[in-house]
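K.L.:
Below, the features straight out of TrEMBL:
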- 1-22: signal peptide (SIGNAL)
- Thr221: active site, nucleophile (ACT_SITE)
- Arg249, Val250, Gly251, Asp252, Thr272, Gly273, Asp274, Gly275: substrate binding site (BINDING)
Amino acid sequence: MAIRNLLTTLLLLFTSFSMVLGHEVGNSGHYPVIVSTWPFVEAVRAAWRAIDSGFSAMDAVVEGCSACEELRCDGTVGPGGSPDENGETTLDALVMNGATMEVGAVAAMRYVKDGIKAARLVMQHTGHTLLVGEQASAFAISMGLPGPTNLSSSESVQKWSKWKENRCQPNFWKNIVPVDSCGPYHPKDIAELGKGTCSSANLMAAVESRSSHIGLHNHDTISMAVIDKEGHIAVGTSTNGATYKIPGRVGDGPIAGSSSYADDEVGACGATGDGDIMMRFLPCYQVVESMRLGMEPTLAAQDAIKRIARKFPDFVGAVFAINKNGLHAGACHGWTFQYSVRSPEMEDVEVFTVFP
């Protein structure tokens, strides 16, 4: 009888120990975790400080992307970079809450330097998803953000001046005349446009012409995903868009499902690259839905990129994928991609390299 009681006690102790051990491993092994496009190490550190202090995934996303805006990461995030054809810098940004599926975004926003904070204000204080242009600026200022502010810098103005001296080449116009000038532009004659426009050679030429002005330092984005200590997921994106874009252009940055996407039940995704092409495929929505159907992050990321490359073999872009358990991966096409990660088992941010 005594032996039986001893065995019963030992079994209860073992069972209790296993349950506690399993709980600890489940929490500390998977999250919190932060993933960001590119080696934007300081942005990830800022997000980690927020999450490590007990703030939410959304708070951490805003802190991380705000840090990148202030640092003007690669000249492609925040004010002072990527001038449009008029020499002006405008901002696109998005936040998404993976618990509620709420989204807030701003696009082509002028005169306000805090893109990611403006996007969060849209989510917090309106029933809308996206505000654009000067109306987005007016909203952001009315909600307390600083402005109006000139978002150009001496560097962006100098870059724009050199581009003007080079007859505004390269640019994003097509099927126009004159070709080698700064405009004003006019459509080519309709009859001329009709000559051979359906040939695969002409279609490929149109795609290849884009690659000359799409690259790391003129067409980039910070896209960040955070899983907090409670397992909730949020994503954010901030960019000043494509250099020398046509004024009014909106890329993939403020488009949910394109630049980023999150769902607590599945995971998250972030994207960077040629947004005009990528937004036609909603690659981050595709990644998350593929993971929902059982794909591992590596395969989900590769599949989303391959879908674009089949139609646009010369496009440049990349995605990262992270599932709700913290397993992450990346895929790219047309360039070598790097993404940054911070998780509990890491002493500092680590940068992962993905080859096409």
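Here the Cβ of each residue, glycine as well, is placed from N, Cα and C on the backbone.
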K.L.:
Which one of these binding-site residues, Gly251, Gly273, Gly275, has the sparsest Cβ neighbourhood, judged by other Cβ atoms within 10 angstroms?
P.N.:
Gly251
K.L.:
Any idea what the Cα distance is from Arg249 (substrate binding site) over to the residue listed as 'active site, nucleophile', rounded to a whole Å?
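P.N.:
The Cα atom of Arg249 (substrate binding site) is 15 Å away from the Cα atom of the residue listed as 'active site, nucleophile'.
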K.L.:
Just to verify: the residue among Asp252, Asp274 with the fewest other Cβ atoms within 10 Å, which of the binding-site residues is it?
P.N.:
Asp274
K.L.:
Should any of the binding-site residues Val250, Thr272, Gly273 have a Cα within 10 Å of the Cα of the residue listed as 'active site, nucleophile', which are they?
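P.N.:
Cα within 10 Å of the residue listed as 'active site, nucleophile': Thr272, Gly273.
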K.L.:
Are there residues of the same chain, six or more positions away from Val250 (substrate binding site), whose CB falls under 8 angstroms from its CB, and which are they?
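P.N.:
In sequence order, Asp92, Ala107, Ala108, Val132, Gly241 meet the Cβ cut-off.
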